[in-house]
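For reference, Swiss-Prot has these:
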- Ser46: site 'Part of a proton relay during catalysis' (SITE)
- Thr47, Thr205: pyruvate binding site (BINDING)
- Tyr109: site 'Part of a proton relay during catalysis' (SITE)
- Tyr135: active site, proton donor/acceptor (ACT_SITE)
- Lys163: active site, schiff-base intermediate with substrate (ACT_SITE)
Amino acid sequence: MNNIFKGLITAAITPFKDNKLDLYALERILKHQIKYEVDAILIAGSTGEGSSLSFEEYKLLLQTSVEIVNNRIPIISGCSSNNTAYARELAAESTKIKVDGFMASPPSYVKPTQYGIYKHFEALHEACNLPIMLYSAPTRSGVDFSDETILRLSKLPRILALKDCGVDLERPLRIRAVVKKDFNILTGNDEVVLAFNAQGGVGWTSVASNIAPDMCKELLEKWNKNDTKGALEIHQKLLPLYKALFVESNPIPIKYAAYYLGLCENEIRLPLTEASDSAKKQIENIITSLSIKL
């Protein structure tokens, strides 16, 4: 099975207008990613406000994304839920719509044991025939995979990758040493991408690439060609952007940045709220200093 979980994966925002999906803006967002040839697009993840979507909205978002992208780059769906039965529904629907793979985190809030986490993902694995990427986001989930659970899950044939949003930079080395050869490890933190890849990572799921896919793609290409100096130069330029996009809870800042550049409305669903004036100013200044344009 081809492992699509590698390279630059954009964690796409979900555009809204008048509290409904804005499908015209979605087309702009996705075509911007296609233009710069990102390696995959993640739909309805944390950055895409997946937890705020109704099931009907989720289906419409995936179906429209598949139609717009039209097999030009892989589409990965977010299937995280603290309700295993509902997560299975999301995975089954993703299979029906024919996305290329899905990502899911351990159930949040309920704090399952490691055995419970394993059984949750075993159930998702049984619900579909898609490649799966584990999503380690302990600050959001309240729980995390142990190394042993990652190893155990990696033995399921279609669990092919781990997206790691933790801060343990030794972890990719530990995991890489014990999992199957074709199991990929990616970071979900923009600002540590080079350090993470130096420890065995093969790419990253990026928030910043919503608005700077060209720079993010070039950074990774230079890194993969062993042009460490060139990759570091781009990384240093992007660091202020990475930080600005997390000055408030993600996806608040990136939604405003996309609005400022004309990609979509600055509409975000409760309990998230619009960026503060100070955050807006910081984002505007960095976009201007980096000469980011569509």
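The backbone N, Cα and C atoms fix where each Cβ goes, and this holds for glycine too.
Overlay of Swiss-Prot feature records on the structure.
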residue : record                                               : Cβ neighbours (10 Å)
Ser46   : site 'Part of a proton relay during catalysis'       : 23
Thr47   : pyruvate binding site                                : 24
Tyr109  : site 'Part of a proton relay during catalysis'       : 9
Tyr135  : active site, proton donor/acceptor                   : 27
Lys163  : active site, schiff-base intermediate with substrate : 28
Thr205  : pyruvate binding site                                : 29
Out of the recorded positions listed (Ser46, Tyr109, Tyr135, Thr205), which are within 10 Å of the residue listed as 'active site, schiff-base intermediate with substrate', Cα to Cα? Tyr135, Thr205
Integer Cα-Cα distance in angstrom, Thr205 (pyruvate binding site) to the residue listed as 'active site, proton donor/acceptor': 10
Inter-residue C-alpha distance, Tyr135 (active site, proton donor/acceptor) and Ser46 (site 'Part of a proton relay during catalysis') (nearest angstrom): 11
